[in-house]
Structures are given as C-alpha cells and as structure tokens.
Amino acid sequence: MIIHGIINGNYSGRHRGHRVPKAQSRKKLLKRFCFALRLSSYSYITQGRKIMDILQGLNPQQRDAVTHINGPILVLAGAGSGKTRVIIYRIAHLLSQGISPKHILAVTFTNKAAAEMKKRIEQFNETMDINGLWINTFHSASLRILRAHYPKKNFTIYDESDKSTVVKAVLKETNYDVKPNSVGSFISQCKNKMQTPSNHKPINFWEERMLNCYKLYQEQLEKHNGLDFDDIIMKTIHLFQESPQVLSHYQTRFNYLMVDEYQDTNYSQYLLIRMLAEKHHNICVVGDDDQSIYGFRGADISNILNFEKDYPSIKTVRLEQNYRSTKPILDTANRVIEFNRNRKGKQLWTEKTVGAKVEFRLLRNEHDEANFVVRTISEAMSRENRKLIDFVVLYRVNAQSRVLEDAFRMANIPYTIVGGMSFYSRKEIKDILSYLKIIVNPLDAVALKRIVNVPSRKIGASLVEKLEKYATINNLHLFEAMEKAELIDTLSDTQVKAVERFIKLIKKFMAIKDTMSISKLLNMLLLDSGYLESLKQEKTEEDKDRIENIKELVNVAVEFESKEQGIGLEDFLGSISLVANIDLWDDSSCVTLMTLHNVKGLEFPYVFLTGMEEGLFPHINSLNSDNIEEERRLCYVGMTRAKEKLLMTAASSRKLYGYGTGMPSCFILEAGIR
DNA sequence: TTATGATGGCTTTTT
DNA sequence: GCCATCATAA
Ligand SMILES: Nc1ncnc2c1ncn2[C@@H]1O[C@H](COP(=O)(O)OP(=O)(O)OP(=O)(O)O)[C@@H](O)[C@H]1O
C-alpha cells in the first residue's frame, strides 16, 4: 500500500501514531534530521567577493543596518520587509570586514532557521572561514555553553513528557488535585522569569501550592541531574552570575550579537542577551511587535518595545518596503492588525500593486472545507501551473489537521504535516534514547524507570517500588540501590539476579561508551539489551515499523558522526532533544499543512487560512482571557506569509470539542472582505 | 503482566 | 467528539 501523505515522519494521532513513513520517505526524514542536527560550527572556505556585492540586494535602510557595525541597533519592521535578510547580510558583511567568525553569535528562533542562515552565508562565496561562527537558537547556544562549563556535565535533558512524568509523581506525593499541565506551565513561567522556588513569594493559596510543586519538582530534577528546556536558559544565566570569568569569556568572545524574531523572546532570554552585550553593546536585534505570538510561553513584547531603554545610544531602523506579498494581501493584513491598540504602528508598501484578490469561503462543515481546499489546489495546479510546494494550509489547532489530512489522502495529493507525533517522540525511539541517557547519566531516574523492564526482565512495578523504598531510606539514588540489590532483604534471589543482570548490562556500556562510535554502541545496545529481539518476536506490522524506526535512529547516529568529528554521546542526545517539529520539515513535492505558530518566518505563494471561525480563531480561551490581540497578531502572521494568493475558509458547523460556533471570525469582518 | 473500560482533558509549544 | 492515560480486573 502506498500512502501518499505521511512523508515527513509526522504522524497524526489518527492511527494511534502507528503509521510510519515508507522507505523512500524515511530517507528524506533521515536527511532532514541530520540537517537539523548540524548545529555547531564547522569550517568552510569560499571564493572572494567584494563588499559592494554584499550590499547589493539591499535597500538603503537595510544597508544602513548592515553597515552599522558598532553599537546597539534595533530593526523594527513589518512582515516581509527583509529583517532576516538584514541579519544574514550583516554577518556576511562583518566577516568581509575581517571580523573573526569566532566573535559572532546570531540567535534564531528555530534550528531550521539557523541552518538556513548558515547556508545562505556560505553562499556569499567569500574567501572566508566561518569556523567558530555561532548561529543557534537560544536553547542550543545555551546548551553548548552548559556542556562546556556546567559542574555536572553529564546532565540529561528532560523533554515535555519527562517533565510531565515528574510533575505527576509530585502531584501524587502531595495529593494535590490539579492538572499536571497547569503545574508544568506554572513552573515554566517561573523559570522564564528567573524565579526559583526560594525567590518567588506566593500571593495566594493556589500559588503556594503551585510553588510547593515547583520546589519538589526541582528537587527531583536536581537529584536526577536533569535539565528541562527552561532550565537550559535559566542555568546558563545562573552559571554566568556565579562564574564571572565564564561570563567574561563569552562577553569577550561574542563581540557581535544578533537576534532574529526578537519580539518572541522571554525575560530569561532577554537577560541572557543583556549580560552578553553588557561590555560592548554591539547588539543588533530585529523583530516585529505585530508578530509576537508566543506570549503563552512567556514571550514579552516589551522586550522589543523597550529595547532602547537599555541602550540609550541605540540606532533604530525602520524597513517599510514589503518584498513578499501583493498589495491586496498586504492591505488585508494591515487592515486587521490596525485593530490592535498595543502596538507601534508602521508603514508598509509593496511594488506588487496588482494581484489576486483575497478571498473568503464559508463552507457547510469541516469536511466540505477540507474538500474545498483540496479541490482548489488541484485546480490551481492544472490551471495556473502551480506546484505542490507552492501551497501551505494553515490552521489554529493541530486537531484540525485530521480532516484535512483525510481529504488529501482521498484525493491522492502528497502532503506533509508539521507537528503532531514526531519521530523522536515515538515510543521505541524514546526507549532507546532512555538507554543512552542512563549510560550517560545513571541518576536519570525517569529514563531508568522507563526502560528498566523494557523488554521485560522481571523487574516489574512492585520490584521497582521496593528498590525505591530502599533508596529513599538509605538516601541513595535508584541506580545505586539497584547496584546494592543483594543487600536488600525484601528481595528474593531471582529478583536480585534480575536487577544485577540489568546493572551489569548498563555498566558494560558505561565503560565502553567513549571507546567506540555512537552508531556502533547503539547497535551493540540493541542486541545486548534484547530490545531488537523482543520486537522481532512479535510479528505485527507495528513492530516491523518500530524496527525500521530504530534502524533509522542508527542511521541518524551514523550521519551525525560523519558531520561532527569526535562527538560525544552527550552531544548527540542533547542535539536530538532540541530538534523541533519544524526543523524536520521538508516540502519537496508536497503540500504543507501546519499550525499558524509553526509558519512564522516562512513564505508561500499560495496560503490557505482555514477554520476562520469565532471561538476557534480567535480561540475561545483568548476571548475569555482578554488576549485577542495576540490572536490578531497570529492572524497577521498567517496572512503575511502569502506571496500571491490568500484564501480563507470557515465551516458553519464543526465537530471539534467545543469550538463549533459556526460564526465567521471577527478577523474576516476586520479584513473587510465581502 | 497484560487487556480492558472508565476517566478526564482538550490552544498554540519551545525546545 | 476523540484520544491518551490510568486504574482495575482477569
Ligand atoms: N532588498 C531586498 N530586495 C529584494 N528582495 C528582498 C529584499 N529584502 C528582502 N527580500 C525578500 O523578501 C522576503 C522577506 O524577507 P525576510 O524573510 O528577510 O523578511 P522578514 O522581515 O524577516 O519577514 P517576516 O518578519 O515576515 O518573517 C524574502 O523572500 C526576501 O528574499
């Protein structure tokens, strides 16, 4: 059976995540995966090119920003005005001026954007060495710094699901009846604001309980030597605060700082940059206050709006020409965003004064909507000679993708979905990565408990409980308790044997981990742990897929090793933890489906904005919490992705939790579409 | 220890 | 309305 859709290694929950890309698509996924992992610097020599050449392809304002080398600079400009281009050209220009790549740090929003930027800079064809140039996300840059200086270097990274595991354990312990998610986001918010359990004062009972959860959670993480995503930034700042010489090292090293998408930075990220820029103030940030869409995870527009307060000598550059969209699209987007009150208004014009008009279609239900999208794409392909990669279908929530996906599959149109169940969150991948985590960091009890009995080794829940009890009483880590299994008198002989066998397995790999390549280690692990064998025994389709996925992970390791010489297991694990859905995106000959959040920074000739209904978009929660401005910005982001055609749709009735109001979104009215 | 039904959760999500 | 997770029973 050939499945046209799932090409990207993303799996909608529809088939309970068991559906897997076929062979050809796997290769693609692999390629992309490795590309996304190419995070650190590497050497690259190119042929000469003059400064003037670099400055060509820029308008006077952009040139102004690019050639302003020393001192703080803010580029505050609307969508598609060439802000990202400024950063790319600025780096190329700095290098052409003889500035060492080692002195440059550029921060992007995603790994994909970082990789893209690096590629573009290489293409400048200068005789320049970009060895030592850092283009990273906040997280991957911070991770590199922590790896080099954190006291306990073998820490492992806790992803959202690991975090949730710990939070649930904490809730069980405290008997609090609150949703794990709300605790998780409370903790996140605190960390984003640099609040530790001790320096945060609770203002009410609820906060007091939350704070208690935070405290217990953090104790667990410290004990396991695990860092969650927010810790990566927070701990880097703590490191800088506690070790002035480390901070000083990076302040001197990174003489030129640049941040893209600055409007979506949170407080901790702001602080990190401010610390690094403190000595020289050579900082260039670019962004658009109208495109701040990550408020829900702590992003704070005032970072960009108040930027000048920290740097009084700032040079501010406005870019006013939009190079992306036609006038009808730009006008529509501008009309909508002008309904926001909390913004710095800006002018935007385009040379593309003629273009297809922006359309809105109200369909009967979500199936009609999906079929309409599919039909419109087929027609545009045959009539206007459009290609699959010209299209993007956007939606507010991931749950909307299912119906669209079905329609694409029915119509046999290749598509790819960004988001949903990704490769690295699959069970078998997480299992194998957990083995690796323990080998690196045996204190990681989340990883340990995850695989201690996978495949089954007769170390079930009750036995683990006994071990944990022993560990707690004797103030030991779970792993240490397991090492001492023979001393625990509540265990039977067979139980002791089972535990000892497991410990022996792990210790063997701990001893050899640095003596061989990661892929070789992985292959050995797959055999010795019995993991592969246990899958081979079960002959279901699902298990075959799992084996394929595991093979793919081995390939990722092979690829990774060939790119990065002398890479350690820690670095491999770290890089994998920081790979985002959008980093894995590859649009080669398919239509792309994704959420509005994921599309930020991208552009497409033909954009569908689906589910334009009151309650869905703007989302009901934002209406309740008086946060419609962020929704409107999201709408602005979506609209301004379109180069040539913007087509919005809504459904009068929709079967999707409580969203079915059927009323067209207020944004449609604001856009002035009849 | 695994299969099953009940339960609750449901925005975006980093990374 | 749909799905994942969890507790329970076989
Ligand atoms: N001076 C220029 N001349 C021609 N094309 C340009 C120029 N500057 C930018 N562009 C093109 O305009 C498009 C948008 O540029 P870019 O992505 O840098 O804008 P942006 O401001 O970062 O956009 P957004 O904020 O919407 O993500 C790109 O296709 C880019 O190649």
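Think of each number as a place in line: the chain as shown, counted from 1.
Backbone N, Cα and C define each Cβ position, glycine as well.
Feature list (source: TrEMBL):
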- A:56-326: domain 'UvrD-like helicase ATP-binding' (DOMAIN)
- A:Ala77, A:Gly78, A:Ala79, A:Gly80, A:Ser81, A:Gly82, A:Lys83, A:Thr84: ATP binding site (BINDING)
- A:327-601: domain 'UvrD-like helicase C-terminal' (DOMAIN)
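Features recorded in TrEMBL, as mapped to the structure shown.
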{"residue": "A:Ala77", "record": "ATP binding site", "Cβ contacts under 8 Å, 6 or more apart": "A:Lys83, A:Val286, A:Asp288, A:Val317, A:Arg318, A:Leu319, A:Glu320, A:Lys346"}
{"residue": "A:Gly78", "record": "ATP binding site", "Cβ contacts under 8 Å, 6 or more apart": "A:Asp288, A:Asp290, A:Leu319, A:Glu320, A:Asn322, A:Lys346, A:Gln347, A:Leu348, A:Thr640"}
{"residue": "A:Ala79", "record": "ATP binding site", "Cβ contacts under 8 Å, 6 or more apart": "A:Asp288, A:Asp290, A:Gln291, A:Asn322, A:Arg324, A:Ser325, A:Ala333, A:Leu348, A:Tyr636, A:Val637, A:Thr640"}
{"residue": "A:Gly80", "record": "ATP binding site", "Cβ contacts under 8 Å, 6 or more apart": "A:Asn322, A:Tyr323, A:Arg324, A:Ser325, A:Leu348, A:Glu603, A:Thr640"}
{"residue": "A:Ser81", "record": "ATP binding site", "Cβ contacts under 8 Å, 6 or more apart": "A:Leu319, A:Glu320, A:Gln321, A:Asn322, A:Tyr323, A:Leu348"}
{"residue": "A:Gly82", "record": "ATP binding site", "Cβ contacts under 8 Å, 6 or more apart": "A:Leu58, A:Asn59, A:Gln62, A:Leu319, A:Gln321, A:Tyr323"}
{"residue": "A:Thr84", "record": "ATP binding site", "Cβ contacts under 8 Å, 6 or more apart": "A:Ala113, A:Met117, A:Asp260, A:Val286, A:Gly601"}
Env. residues of ATP site, Cβ within 8 Å of mean position of A:Ala77, A:Gly78, A:Ala79, A:Gly80, A:Ser81, A:Gly82, A:Lys83, A:Thr84 Cβ:
A:Asp288, A:Leu319, A:Asn322, A:Tyr323, A:Arg324
Under a three-state reduction of DSSP output, how is A:Gly80 (ATP binding site) classified: helix, strand, or coil?
coil
Among A:Gly78, A:Ala79, A:Lys83, the binding-site residues in the record, which have a C-beta under 6 A from ligand 1?
A:Ala79, A:Lys83
With every protein chain in view, how many other Cβ atoms are within 10 Å of the Cβ of A:Lys83 (ATP binding site)?
25
